[in-house]
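Single-structure report; data block below.
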Amino acid sequence: MKKLYIKTFGCQMNEYDSGKMADLLHADEGMVMTDTPEDADVVLLNTCSIREKAEDKVFSDLGRLRELKKTKPHMLIGVGGCVASQEGRQIVSRAPYVDVVFGPQTLHRLSDLIAQRRKTGLSQVDISFPEIEKFDHLPASRQTRGSAYVSIMEGCSKYCSYCVVPYTRGEEVSRPFDDVLTEVAGLASKGVKEIVLLGQNVNAYLGKMGDAEEIADFALLIEYIAEIPGVERIRFTTSHPKEFTQRLIDVYAKVPKLVSHLHLPVQHGSDSILSAMKRGYTALEYKSIIRKMRAVRPDLTLSSDFIVGFPGETDADFEKLLKMVQELDFDNSFCFIFSPRPGTPAANLSDDTPYEVKLKRLQTLLALIEGQSNQISQKMLGKTERVLIEGLAKDGVNLQGRAENNRVIHFSPPDQNIDGLIGEMVDIRITEVLNYTLRGELVETHVI
């Protein structure tokens, strides 16, 4: 039986794509996953190009795989994802021992590329953008319980000045409405309880409805998914403030299955920086969205993405960012120092802010958000949370699950039928706040 190893870099879209690669090669060649490249017949790197030096990390990994391939000449090496899309044949030029290179839109052709490599002995490269045809050629997910990703669209058409996504994943293309519902219904019928809707900009979703000319927006899609039997919880990522409509806010008011946690990237709190980033909204407009959201969901927790040290950022700009964070009370968020990405407009902007200043700003922002996050954790102490059990914690003893607000909670398992709890919803009373997790005790064991 052939074995497959996949190393995934970056976002949830890549995690979803890696799962589809595994499903595809299992269906076509009977491959099973392994935890180490040393045991694998096929090794795939599913790459991300969002952060600086992403390419260097990939080629560093490829260098280690080259040494492994010397001892296992039959092993095939593939590079997928956004670095593959960005670099293309340059990957094979720099690392001729790489067998296949494929982009996010051509992963459905992976089996064919591998077959061609074996047949011809030549490295295969396909980084084309055949819109969204890949979903017509991928097998159904093998996920049978717990939480599952469902991609509803691909690409992004916003062209923020610092971002490579439109160049590596293409323009926004939405999956047909019925196709998404069919996939969700199939997962729910297998025992999946939580659906996570994925896209670079999910709230730009506009899916064709059947053979009619009607188009479904993101709000309507959520309403329909909430009606599918077996679906107990709905999440989504990532959304864009520019298209966070009143219709979507209204859905939060009437669809309780949609979690009270929102990840809405703001990137900055200064209008001048937001304009330079080409984000398409002001700080006040972002604050207005959150105010409306908390009017319909008072218990909403908010996380975001922040970039500090963007070219031209002054002390006054940074103070505006801190003021926004203080006003809106963010939970755990992703904070980065700006890193120029080749080929983006922001890479050409003048940047004379010393790195030490940027680092200090980052540390200040992180400390502020960490303090807010800890306050949110403390408020959960003593409360009972509905938790979806994901599996064993890293200690191999406790179970861990995720609350509606996305917090990870550890608890001691019952004496019997631990496996029966995995993928189920249970009630956990929070008893302790730790650095990055919460600890609790099982209240309900209805599945045992």
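Keep in mind that glycine also has a Cβ here, set from the backbone N, Cα and C atoms.
Summarising the annotation, Swiss-Prot assigns domain 'MTTase N-terminal' to 2-119 and lists sequence analysis as the type of evidence.
Classification of CYS11 ([4Fe-4S] cluster 1 binding site) by DSSP places it in coil, neither helical nor stranded. Taken from Swiss-Prot, the feature [4Fe-4S] cluster 1 binding site covers CYS11, CYS48, CYS82.
As annotated by Swiss-Prot, domain 'Radical SAM core' applies to 142-375, with the evidence given as sequence analysis.
In sequence order, CYS163, VAL165, PRO166, ARG169, GLU171, GLU172, GLN200, ASN201 constitute the residues six or more apart from CYS156 ([4Fe-4S] cluster 2 binding site) in its chain with CB-CB distances below 8 Å. If you look up Swiss-Prot, you'll see CYS156, CYS160, CYS163 marked as [4Fe-4S] cluster 2 binding site, on the strength of sequence analysis.
Feature annotation from Swiss-Prot assigns domain 'TRAM' to 378-444. The helix, strand and coil residue counts that DSSP assigns across the domain 'TRAM' (378-444) are 7 helix, 32 strand, 28 coil.
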- Report, as a single number, how many Cβ atoms besides its own are within 10 Å of the Cβ of CYS82 ([4Fe-4S] cluster 1 binding site). 25
- Note on the structure: The rounded CA-CA distance in Å from CYS48 ([4Fe-4S] cluster 1 binding site) to CYS160 ([4Fe-4S] cluster 2 binding site) is 17
- Around the recorded [4Fe-4S] cluster 1 site (CYS11, CYS48, CYS82), other residues with Cβ within 8 Å of the Cβ centre, ordered by sequence, are PHE9, GLY10, MET13, ASN14, THR47, SER49, ILE50, ALA54, GLY81, THR168
- Cβ-Cβ under 8 Å from CYS11 ([4Fe-4S] cluster 1 binding site), same chain, 6 or more residues apart: which ones? CYS48, ILE50, THR238
